[in-house]
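Annotation source TrEMBL lists compositional bias 'Polar residues' at 20-37. Look at TrEMBL and you will find 1-37 tagged as region 'Disordered'. Annotation source TrEMBL lists transmembrane segment at 190-208, 228-250, 257-276, 319-338, 358-380, 499-521, 558-578.
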Amino acid sequence: MGRAGDTGHPPPPFKERCTRSPSVTGSPALPSTQCDSTFQTREPFNLIYRPRMYTIQSPSDPDCSQRTRTQILHSPQVTGYVWAPGTPPPHTHTHIHTQLAAQSDVPDTRTLPPPYPKLKSECSNPSLEHHLCPMDIPASLLCVSPLAGLSICPSIRWGSAMATFSRQEFFQQLLQGCLLPTAQQGLDQIWLLLAICLACRLLWRLGLPSYLKHASTVAGGFFSLYHFFQLHMVWVVLLSLLCYLVLFLCRHSSHRGVFLSVTILIYLLMGEMHMVDTVTWHKMRGAQMIVAMKAVSLGFDLDRGEVGAVPSPVEFMGYLYFVGTIVFGPWISFHSYLQAVQGHPLSRRWLQKVARSLALALLCLVLSTCVGPYLFPYFIPLDGDRLLRNKKRKVRGTMVRWLRAYESAVSFHFSNYFVGFLSEATATLAGAGFTEEKDHLEWDLTVSKPLNVELPRSMVEVVTSWNLPMSYWLNNYVFKNALHLGTFSAVLVTYAASALLHGFSFHLAAVLLSLAFITYVEHVLRKRLARILSACVLSKRCPPDCSHQHRLGLGVRALNLFFGALAIFHLAYLGSLFDVDVDDTTEEQGYGMAYTVHKWSELSWASHWVTFGCWIFYRLIG
């Protein structure tokens, strides 16, 4: 799993007037007011909301004797202040410090050149408000991209009143300041890609020669890559050229898939070993993943005879740069690509599928951005206002830690669903993702199944439903080819391949390796229980004609419910690494081992201990 899928181009500067009116993002020059603040932020890959606690410390109040807490919901990188005429300038030898809300006591000492005020996490001097406008910092700056360069910066005017918000006030501000701006700016970021997909779809309906169809999708893919990544797209182009060179040189071999896999492995390892700037490399990770998966699958399909001959250069590049999948995915087979460029008729079912997928994508974006990080206690007040107050005081009890872990996991999950549904929309809009029925085309492309993840039967079902095309690719082109090594070894190779495609970030490797052990132990344990009890308690649902004696009894339901709850427990534990409070620079450069160990230590390594206990139980009942 890799929210999945993390990466994008820097957003334009965000400007906001120092007034109490609704904020304006990405607007032209605003009329002069008492004072303005200019902010710029950038985030990569994982669509995660970032709560932060900021306050202002006046140089005249270094001990914070005048304590006023301010909470904003995202940490912008402050690039400057525009001072109003007649107001005194700030002191010139101060710095900016940030500290995570409900995080460790070690601050992120991000230092900027003077003149800037000092931000601390415990107090603020309200006397600076009319000069710095600190209480009007835009609260929700989300500039992220799971697989591309989205820059979504909705703004909420929480201000200093956030510390005393009631739930009613919270929901009122949420609608105006986060829900609507997030959806609007999401559309602003993707409308051009949607337009290119539609234009290519209409162009292929004109009956052009096949080489022109392939050339048009290459052009559309190049334009889309440049729109999201600018000149960083050169690393994707280099990978695609290298893949075709290897394919051409090995065109008479029966091991083209292996040669392509080794070539891509070396290329990705060189990139991960800092051949390229880390942040830049991470930005291109999603597009590189799609290109690598397509090239490897084509190589193995040629070896198996499923593709008759080596494609021409324009066909190969058209497949790799197919406009509907090059930015957000998903992976599609070479055969599906050839069907897409045939230019099938437009239909009502096709339009309905695009509209539904796009609507669900925006819904998941809103939920990931505006709901997930505040699931407890605003949306689900398990402990009433007491937990709400405790959270503000950063009480680190066991319950709060696990609730925060679940919040991070939910926000992470819905960011993945956003990319999944958006990739459904773009691929379908470009003409891919259908099956041929007797009298019509069924547009049935499915990338993610959120219900199977949030209410799972098993962890095996979770990893399958997380990204269906990638799950199929890993099973068909990695697991089956490694099965001669043994089942457990093949599982490890499969998750290692997934980790490589997602990038060698320590926390992703730790999550995927943990998933390998969790899913394997769960699979063998439930398989043995199903045999001993003759009950339908396997990791996957039994077919209607299974031979088990007990299929729908109370005990069977209870056992399946227990394993489902255990899967949610594992998801919260693994999702805690994608903390909504993590520092932006840390995420851009990758999470380190110390961060991963710290987060899982806070949860007492519970998931790993439970998995070990399940394995011991599996051995005992053998």
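Count begins at 1; order follows the chain as displayed.
Keep in mind that glycine also has a Cβ here, set from the backbone N, Cα and C atoms.
Counting C-beta pairs under 8 angstroms (sequence separation of 6 or more), the transmembrane segment (257-276) fails to reach the transmembrane segment (190-208), with fewer than 3 such pairs. Packing against the transmembrane segment (319-338) from elsewhere in the chain are residues 146-148, 193, 196-197, 200, 217-218, 220-222, 224-225, 228, 240, 243, 286-287, 289-291, 293-295, 297-298, 301, 306-307, 311, 419-420, 422-424, 426-433, 445, 447, 467-470, 473: each is 6 or more residues past its ends and has a CB under 8 Å from a CB in it. Per-stretch counts of Cβ pairs under 8 Å to the transmembrane segment (558-578) identify 499-521 as the leading one among 190-208, 228-250, 358-380, 499-521.
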